[in-house]
């Protein structure tokens, strides 16, 4: 049967570079690898075809001969079955990370020893007051802990793990795959060299069981959404005597009905009456430390910002506290009584012809008049 074009086999253009060839080869080698396709002769043949194509195209000399003469130009240099390992392809370079993903390890001892437990993440919701002042909370976290029945060994009480019969206790097995052989982590003992002949009935040989752990978390003052608190050793238990992982508590601060936070500064809106805005006055505004008095000068407009220094948030890593920025919103009176309406009508009449009472409005009308005059 005629051989397929090597570029077609790898699914690349004839001008493909080294990186593109390598990427295509890795993808196809993973797809057709015999361990992923047991008892599939078609996949095995495609795996060999992919190896052969890459051996030629990854070697500059062989690729040049192939581009000029086709398969005839490289059949002799291939040595009639010298195999993938005899060519220009670098086995460890290409397959080191492939087998690391595929088998869980590609080199001796990669998984043979104790394994650290996985880290855990827990989202902790706080209100603004708790985040600013700091607090201590109790949380319940689902995790994996050492099985107390077998003390984490995975073996039934009174028994011990035995030497793995698949790898003979070395944790690695050598597999012949077509043109080459590969040493991989033992699929039965996962590199430990030991196997559980009589598993623990509680953890089923895993050495760990699911459990909810109750923990006390001290939250420092000044935290904000996205800040993380690390609790060392409070993650999942390790395996084969490995250390536990860590627990990361991620802070999420709920929205506040009054204040908005921006770093160490707080913002709020303060509604004031039309009369207070015009005549000035004094009112109480809320802060996280209680109410404080704010003096409103006469003629205050909507949008005016008043800064209350030091009434913001003290940064979690130290430094001066931020400020509270109060934005004034002048409210228009509604649901007027007859008398109130009469007074406002009288007031409006007194303003006509006197631009000094409304400097912004007067300037706007003057600008509009000039605009239309210029048309």
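Note: Cβ is positioned from N, Cα and C throughout, glycine not excepted.
Annotation source Swiss-Prot lists Zn(2+) 1 binding site at 147, 150, 200, 203. Here residue 203 (Zn(2+) 1 binding site) comes close to 147, 149, 150, 154, 209: these same-chain residues lie at least six apart in sequence, with C-beta atoms under 8 angstroms from its C-beta.
All protein chains shown were included, and the count of other CB atoms within 10 Å of the CB of residue 189 (Zn(2+) 2 binding site) stands at 25. Sequence annotations record features per position, and here Swiss-Prot assigns Zn(2+) 2 binding site to 164, 167, 186, 189 based on sequence analysis.
Residues or ranges marked as domain 'J' by Swiss-Prot on the basis of sequence analysis: 5-70. Secondary structure of the domain 'J' (5-70) per DSSP, as helix, strand and coil residue counts: 47 helix, 0 strand, 19 coil.
Per Swiss-Prot, the feature repeat 'CXXCXGXG motif' maps to 147-154 (among others). In this model, the repeat 'CXXCXGXG motif' (147-154) carries an average pLDDT of 89.
Taken from Swiss-Prot, the feature repeat 'CXXCXGXG motif' covers 164-171 (among others).
Look at Swiss-Prot and you will find 186-193 (among others) tagged as repeat 'CXXCXGXG motif'.
The DSSP breakdown of the repeat 'CXXCXGXG motif' (200-207), given as helix, strand and coil counts, is 0 helix, 0 strand, 8 coil. The repeat 'CXXCXGXG motif' annotation in Swiss-Prot covers 200-207 (among others).
Here Swiss-Prot flags 134-212 as zinc finger, drawing on sequence analysis.
Neighbour list (residue 200 (Zn(2+) 1 binding site), Cβ cut-off 8 Å, at least 6 residues apart, same chain): 147, 149, 150, 153, 154, 155, 156, 157, 207. Excluding the listed site residues 147, 150, 200, 203, the same chain places 148, 149, 151, 152, 153, 154, 155, 199, 201, 202, 204, 205, 206, 207, 208, 209 with Cβ atoms within 8 Å of the centre of the Zn(2+) 1 site Cβ atoms. For the recorded Zn(2+) 2 site, residues 164, 167, 186, 189 set the reference point as the centre of their Cβ atoms, and the other residues of that chain within 8 Å of it by Cβ are 165, 166, 168, 169, 170, 171, 172, 173, 187, 188, 190, 191, 192, 193, 194, 195.
Within the same chain, the residues at least 6 positions away from residue 164 (Zn(2+) 2 binding site) whose Cβ sits under 8 Å from its Cβ are 171, 186, 188, 189, 192, 193, 194, 195, listed in sequence order. In sequence order, 173, 186, 188, 189, 193 are the residues of the chain that are 6 or more apart from residue 167 (Zn(2+) 2 binding site) and have a CB within less than 8 Å of its CB.
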